Amino acid sequence: MATLKAVCVMKGDAPVEGVIHFQQQGSGPVKVTGKITGLSDGDHGFHVHEFGDNTNGCTSAGAHFNPEGKQHGGPKDADRHVGDLGNVTAKGGVAEVEIEDSVISLTGPHCIIGRTMVVHAKSDDLGRGGDNESKLTGNAGPRLACGVIGIAKC
C-alpha cells in the first residue's frame, strides 16, 4: 500500500505564514499536520479552495473545493464541501495543525493536490450560522494566508 505525501507553504499578509503536510496511505484518511504562525488567538477557518491560483493573492483561489455541489458544513458532517476542514486553533499566535480527514484525498475525484489551502481571519461556524453566507463559507471572513498544495517526496 503506497504512501502519498503533499506539502503546502502558506504565505499571506505578514506575519501569517505556515507549512502544512499531508500524508495518505492507500485509500485511507489523509493526515494533515503542520504549524501556522502570526495568527490572533482563537479559532480560524481552514479550508481547501478550488483553484491552485494565487496570482491575486488568496482571492484567486476561488470558493471552497466542492465537486459534489453540497452545502458548507463541518468536517464530521455528511453534507459538507470536500474542502471543509473546520477550524484550527491558535494559542500564543501559533496554530498546531493535527487533522485526520476521510473526505479529502491525494488521488481521485477528491484530490486536493494543485488546489489552495487557506486559513481565514475568523472562526468557521460549520454551516450552523443561520444565514446564507454560513452555508457557503461558514462566515470565516477574510483569507489571511494561503498556498498551493504540491506533491512531496515520499
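Using N, Cα and C of the backbone, Cβ positions are placed for all residues, glycine too.
Features reported for this protein in Swiss-Prot:
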MOD_RES   Ala2  N-acetylalanine
LIPID     Cys8  S-palmitoyl cysteine
BINDING   His47, His49, His64, His120  Cu cation binding site
DISULFID  Cys58-Cys146  disulfide bond
BINDING   His64, His72, His81, Asp84  Zn(2+) binding site
MOD_RES   Cys154  S-glutathionyl cysteine
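Counting other CB atoms no more than 10 Å from each candidate's CB, the binding-site residues His47, His81, His120 peak at His47. Inclusion criterion for the recorded positions Ala2, Cys8, His81, Asp84: a C-alpha placed within 10 angstroms of the C-alpha of His47 (Cu cation binding site); this criterion is met by His81, Asp84. Listed recorded positions: Ala2, Cys58; maximum Cβ neighbour count within 10 Å falls on Cys58. Under DSSP, His72 (Zn(2+) binding site) is assigned to coil, being neither helix nor strand in the three-state scheme. Around the residue listed as 'S-palmitoyl cysteine', a 10 Å sphere centred on its CB holds 24 further CB atoms from the protein chains shown. Nothing from the recorded positions Ala2, His64, His72, His81, Asp84, His120 places its Cα within 10 Å of the Cα belonging to Cys8 (S-palmitoyl cysteine). In terms of local Cβ density within 10 Å, His72 ranks first among the binding-site residues His64, His72. Each residue contributes its Cα atom, and for Cys146 (disulfide bond) and His49 (Cu cation binding site) these two points are 9 Å apart. Ranked by Cα separation from Cys154 (S-glutathionyl cysteine), the recorded positions Ala2, His49, His72, Asp84 are led by Ala2.
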